[in-house]
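Below: the structure, in structure tokens.
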Amino acid sequence: MAPAIKNAESPSAVPAKKPLSMGTALPYETRTAMHLKGLVPSAVEDFSAQEARAYEQLKNKGTDLEKYIFLSWLRNTNLNLFYRLVLKHLKEIAPIIYTPTVGQACQEFSHIYPFLAPPTAVDGLYIPLNEVDSIDEIIANYKASVPEGCRPETTVITDGSRILGLGDLGMNGMGIPVGKLQLYVAAAGLDPSRCLPIVLDFGTDNPKYLEDPLYLGIRQKRPADEEFYAATEKVLNGLTRAFPEIFIQFEDFNTPHAFGLLDKWRDRILCFNDDIQGTGSVILAGFISAIKLAGIPAADQRILFVGAGSAGVGVAQQLVDYLVLEHKIPEDKAKAMFWFVDSRGIITANRGDKLADHKVYFARHDNGDVQCKNLEEAIEYVKPTAMIGLSTIYKAFNEKILRRVNELNPVARPIIFPLSNPKTKAECTFEEAMRCTDNRVLFASGTAFPEYTIPGTADTRVPGQGNNMYVFPPIGLGAKLAKPSKITDSMIFAVSKALSNTLSPDEIARGELYPRIERIRETSAQVAAAFVHQAVREGLAQDQRWIDLVSANPASSATSEIPDGTYSQAVLDEVVKHMWAPADSVHQVIPTKL
């Protein structure tokens, strides 16, 4: 994430270093000291003029992919300007630097790679399968290529095997770690010079890329499980050996490997799986908000999941925990509130096929001889009050299905969460859900949809977006600050509760399930503060400064056995002080001596 420029010092203690990339804002005396006199235009601009020019260029790009390429180049040449632009236009730019545009960027990554950054920029690690034994050398090369003091605190790592709803993209999946880390910075104020995207180039089973003459990854099929886990262990051991306190986010591994990596490493290193834990956390937060508005008790919900991959099962597991902890529903009864539909219909114990390990917990045992083979049959059998889609099947929630779910809930408001990414994989749109439920739907999607004005009125509704960017950035910020020895389920639960508590009175009154994206830095600070409190409460925080601060300023949940996402004002104030932000003036960035 940091350009390979090594001569910049920052006057700020947090972070210790910032890359020097001020472009046309460099003052005359700095240009003279750097021997740039006569080599650049004479005008010395302030940051607002730079922003205006950059935004003009962004708006003039003809496609979202062109905008993505432009923004990537800007990030790698003028980091400060890039994040000033992102934060000023976050609602507009977030869908470009991440979903949905990042999906197209990943598909085209090998074709656009040379145009994303100058050759001198270091934008992450590409670790081939045949080079894992050289991990120490690779990390040494990285250290030598970035400014001193820019040692990574956070990494997002993928092998590109299950990118969004697009499948196996191989090395092209690098766009996901890059995009996620931009959201860590924009949403929660992590230091961009301490963020490291990594792709494990372990091959691909996608013939499209194996046959693409411009594909930049290794041209071989993916390894068997034994080799995969052995190679991954060498990489993770090398990373933690070089950076013992690094926070590692696993991202977009195929479902068996996603669960396998999390199970193997969650108690050994500071790590987190966004597809399992992050998705579960953010959807739980939206579900908590929806339950308050649905019109029926939580215990009477009948929840139908469409899609049974790592994300779907991870979400359901967290919802079960919530129902048990918050609503005192016994686990067996809470689990019985969930039905899963995969490509073969409702998942049952007697369906006749061998279930993947992660599906066994939710397999139905009470169906008798009934086997529903598709979603339509499942709806008539389950009569769901809530329908959650993580199927990656475009328009899986068609008009007929949406209207039927609405009919089955004449009093209670139906909960419809089409969570698949990108937009081309979404189960339905916000407009379709509103129109087919007489505008009663409690809605959250995984990708951004436009606002909807109810016909014949001036009443405009804002769709909820169950985007993981509400939770993984504050989890990363909290992990960086408190330095817990591991991330626990109760910490994730506290994050969900804290996020649901950030809704403003106006947002609640309008039936919204998530805070407006324009407030995300505010809400990230609150969620991170709750995470820090929970880490200290569990005795897992290792940074004494935060242990002392929480102990001196306990939150209201200090005596509760159930995490409730609360925090003290003192901890929140301190969290805000540690959030990185782009400089407001050149004097914050230019060193006094060069």
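Even glycines carry a Cβ here, placed using N, Cα and C.
Feature list (source: TrEMBL):
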ACT_SITE  Tyr98  active site, proton donor
ACT_SITE  Lys180  active site, proton acceptor
BINDING   Arg162, Asn421, Asn467  (S)-malate binding site
BINDING   Glu251, Asp252, Asp275  divalent metal cation binding site
DOMAIN    75-266  domain 'Malic enzyme N-terminal'
DOMAIN    276-536  domain 'Malic enzyme NAD-binding'
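Overlay of TrEMBL feature records on the structure.
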residue : record                             : Cβ neighbours (10 Å)
Tyr98   : active site, proton donor          : 28
Arg162  : (S)-malate binding site            : 24
Lys180  : active site, proton acceptor       : 28
Glu251  : divalent metal cation binding site : 29
Asp252  : divalent metal cation binding site : 27
Asp275  : divalent metal cation binding site : 26
Asn421  : (S)-malate binding site            : 24
Asn467  : (S)-malate binding site            : 28
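Counting only the Cα atoms, the space from Glu251 (divalent metal cation binding site) to Asn421 ((S)-malate binding site) is about 14 angstrom.
Distance between Cα atoms for Arg162 ((S)-malate binding site) and Asp252 (divalent metal cation binding site): 5 Å, as a whole number. As a whole-number mean, the pLDDT of the domain 'Malic enzyme N-terminal' (75-266) in this prediction is 95.
Inclusion criterion for the recorded positions Lys180, Asp252, Asp275: a C-alpha placed within 10 angstroms of the C-alpha of Asn467 ((S)-malate binding site); this criterion is met by none of them. For the pair Asp252 (divalent metal cation binding site) and the residue listed as 'active site, proton acceptor', the Cα-Cα distance reads 11 Å. On a Cα basis, Asp275 (divalent metal cation binding site) lies 15 Å away from Tyr98 (active site, proton donor). The record gives Glu251, Asp252, Asp275 for divalent metal cation. Within 8 Å of the mean position of their Cβ atoms, the other Cβ atoms in that chain belong to Thr158, Arg162, Ile163, Ile176, Phe250, Phe253, Ala258, Asn273, Asp274. For the pair Asp275 (divalent metal cation binding site) and Asn421 ((S)-malate binding site), the C-alpha distance works out to 12 angstrom. In this structure, the CA atom of Asn421 ((S)-malate binding site) is 14 Å away from the CA atom of Lys180 (active site, proton acceptor).
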